[in-house]
Amino acid sequence: MKINLILLDSSLELVPKEIASHPAVIRNARKRNKKPEHTILDISLHYHAMKNLPNWRKRGRPDIVHLALLMFLTEKVPIKGEVYIHTIDGKIIYVNSDMRPPKNYNRFIGLAEQLLLHGQVPINDANPLMKILNIKLTDLKSKYKIGVLSEDGKKVKPEELCNLGENWLLGVGAFPHGDFSEEIKGVADEYFSISNYKLETHQVICRIISACLQQLGWP
C-alpha cells in the first residue's frame, strides 16, 4: 500500500516583479538581507502589496504547504509513495519522500526560496530533497490516474483511498480560498470527498494517513 500525493495549486511562489518595489515587500526583504524578488510571497507580510495582484486571495500561503509536508513526511510510515507539489504558477516540484521537512517555518521558507531560485535543494546535490521538474501537470497523466480531493466530490471513506492502487496520484488543494484552476480540472480523473465538512489541507492528509495505518494495524 503506497499513497502518491500531489499538492495542487499550491500557494508557493517568489514575490512577483509587479509588487517587488512595494514598501511592505522591500521592508521585509531588507530585514532578511535579500532582494525583494528573492523572497517568498507571504500574505501575512505582503497583504497590502498583494491586493494589487490578480487572484490574490488564493496566493501567499506557503504555510499551507509547510504544514502539509510536515503531516505527510515527518513520520516514518510505510505508505509514503511519490510526493509532488504543483504550484499556483504551474511548476511541478518533486519532493524526496525521505525528506524530513524543517519544523521551523522560517527554515522551511529559506529552503523554499533556495528551491525556487536555483531549481533544487540542496544546490548541486545528486540526490536533492526537492527539485523543480521540467514537466507540466499533464505529463504526470502518463504515469498516474489523478484523484482530486474536493468537498463536491464523490463521497468515500478515507480507507477507500488507501486501496485505489499505486497508479493513482491523490491531489489535495494547498491554497486558502477559491476553486481549483482550469489546469487541475483538465487533468482530474475523479473527485473524492472524505467529509461532510470543509477540511484544511493538512486535515485531509491526516485523515487519509490515519485510515491507511489503521488498515495496516499500526497503533
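Every residue, even glycine, has its Cβ placed from backbone N, Cα and C.
Because the structure is a prediction, the values reported are computed rather than measured.
A C-beta separation below 8 Å, combined with a sequence spacing of at least six in one chain, links Y197 (S-adenosyl-L-methionine binding site) to none of the other residues. Sequence annotations record features per position, and here Swiss-Prot assigns S-adenosyl-L-methionine binding site to G173, G178, I194, S195, N196, Y197, K198, L199.
DSSP assigns R61 (site 'Interaction with substrate rRNA') to coil in the three-state reduction, outside any helix or strand. The Cβ of R61 (site 'Interaction with substrate rRNA') has 23 other Cβ atoms within 10 Å, all protein chains considered. Residues annotated as site 'Interaction with substrate rRNA' in Swiss-Prot, with sequence analysis given as evidence: R61 (among others).
Its Cβ taken as reference, D63 (site 'Stabilizes Arg-61') is surrounded by 19 other Cβ atoms within 10 Å in the chains shown. Per Swiss-Prot, the feature site 'Stabilizes Arg-61' maps to D63; the stated evidence is sequence analysis.
Per Swiss-Prot, the feature site 'Interaction with substrate rRNA' maps to R100 (among others). For R100 (site 'Interaction with substrate rRNA'), the count of additional Cβ atoms within 10 Å of its Cβ stands at 13 [all protein chains shown].
Swiss-Prot lists K103 (among others) with the feature site 'Interaction with substrate rRNA', giving sequence analysis as the kind of evidence. The C-beta environment of K103 (site 'Interaction with substrate rRNA'), restricted to residues of the same chain at least 6 apart in sequence and closer than 8 Å, consists of L70, T74.
Look at Swiss-Prot and you will find R107 (among others) tagged as site 'Interaction with substrate rRNA'. In the shown protein chains, 12 other C-beta atoms lie within 10 A of the C-beta of R107 (site 'Interaction with substrate rRNA'). Annotation note: R107 (site 'Interaction with substrate rRNA') sits in a helical segment as assigned by DSSP.
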Legend entry - Coarse DSSP state, helix versus strand versus coil, of N196 (S-adenosyl-L-methionine binding site): coil
Legend entry - Inter-residue C-alpha distance, G173 (S-adenosyl-L-methionine binding site) and R100 (site 'Interaction with substrate rRNA') (nearest angstrom): 21
Legend entry - Nearest recorded site to G178 (S-adenosyl-L-methionine binding site) by CA-CA distance, among recorded sites R61, D63, R100, R107: R61
Legend entry - C-beta crowding around G173 (S-adenosyl-L-methionine binding site), within 10 angstroms: 26
Inset, instruction - With a 10 Å radius around each C-beta, find which of these binding-site residues (S195, N196) has the fewest other C-beta atoms nearby. - result: N196
Inset, instruction - Among all chains shown, work out which of the binding-site residues I194, L199 has the most CB atoms within 10 A of its CB. - result: I194
